[in-house]
Amino acid sequence: MGNTCSNLGIPPAKGPHPVGCTDFMMDHTEKGSFFRLYYPCQESEKAEKPDWVPCREYFNGLADFMKINRSLSERIFNYLFGSFKIPAYMDAPFRCNGKCPVVIFSHGLGAFRTLYSAICAELASQGFIVASVEHRDQSASATYYFREKTESEKAKGNSPKTPDSSPDDMVREWIYYRALQHGESEFPLRNKQVKQRADECILALDKLAEINSGTPMQNVLQTQFDWTTLENSMDMCRIAVMGHSFGGATVIEALCKEVKFKCGIALDAWMHPLDDEIFPRVKQPIFFINSEKFQWAGNISRMKKLDSAVIQRKMITIRGTVHQSFPDFTFLTGNWIGKLMKLKGEIDPELAIDLSNKASLAFLQRHLGKQRVDFLRTTAKLIKVKFLKFI
């Protein structure tokens, strides 16, 4: 049984394009690329909206991350969140006039590829192709890859069916969140993870480039989406990287490692995992969008190390927001539960994400050249709403 409260749900995208989504896994091993793709699509009566949480193992991973009992939490999570859908049509045919700019999105600590659908779907509705990476560095609450069946497993046959289409000769292997051990220093682990995360964002971009060039690709997940329709659909000169929290740190690391990313947006970035030495090596524009309640002086001071007189580096704070104002959780709980669990701030969640999305879109349009807009003027208009603070 899922949460059936009629006034809860992930808000639909507001752009001119209907939004489709599909999952992509290239190379079944742990070293492959795994992401959810959001894109402008054709409207289709047959297409359905997928579950927000793909399967029960993700509930188990969330329980591990929150340090609560799996069996109890699975019932609670399924009751609260089990009925919600992504605001996009699964495997709907791609459709867009002209080439689409590309955004690679990196999730936060304990999250996974589907939890930022309000942001990703909005960008897709505005004509972007967005790949939301599911990281395999043990920072996601759960993720998976495949291994080949052993001879004994092949002999048994009749493997349980999984929610998505999986290869018959493969077994799904789960990777769950790795908590810090007692007495373990956090920086070495998170620094190693942020480097892997950046590499996974770059790998996802490389796979999209291959798809765009018409290179034949085999999707391990065997979805119904026709990947050949994406040939020559992406403008690989207009690419950005975006992420929340740990994903915000991943943005900085990825910008340092890959100049194909023309700019980056860091949502309430957690700067701790980053080496100080990379800051002067980042040459692209960066936009920090912060919540009011999460940030502290030491974290902000690290952001300001990226300040530049010649490269646009901007920072805003959305008043009344909390750290969880960016993932979809903020839309899916009632007011008192949301505030108790710090999933909601004082500002209306839909207004908060709308402000963040509009500011992000203005920045992307400014630096990817989709439309030449005055980013400062657009953001200044949002500030007049009295919910934003410019730093």
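Just so you know, the numbers here start at 1 and follow the chain as drawn.
Yeah, the Cβs are placed from backbone N, Cα and C, and that goes for glycine too.
Heads up, TrEMBL stuff is auto-annotated, nobody curated it.
As written in TrEMBL, here are the features:
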{"type": "ACT_SITE", "residues": "SER245", "note": "active site, nucleophile"}
{"type": "ACT_SITE", "residues": "ASP268", "note": "active site, charge relay system"}
{"type": "ACT_SITE", "residues": "HIS323", "note": "active site, charge relay system"}
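Here the features listed in TrEMBL are placed on the structure.
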residue: SER245; record: active site, nucleophile; CB count, 10 Å: 24
residue: ASP268; record: active site, charge relay system; CB count, 10 Å: 28
residue: HIS323; record: active site, charge relay system; CB count, 10 Å: 22
Quick one: Cα separation, HIS323 (active site, charge relay system) versus ASP268 (active site, charge relay system), in Å?
7
ASP268 (active site, charge relay system) to SER245 (active site, nucleophile) - Cα separation in whole Å:
5
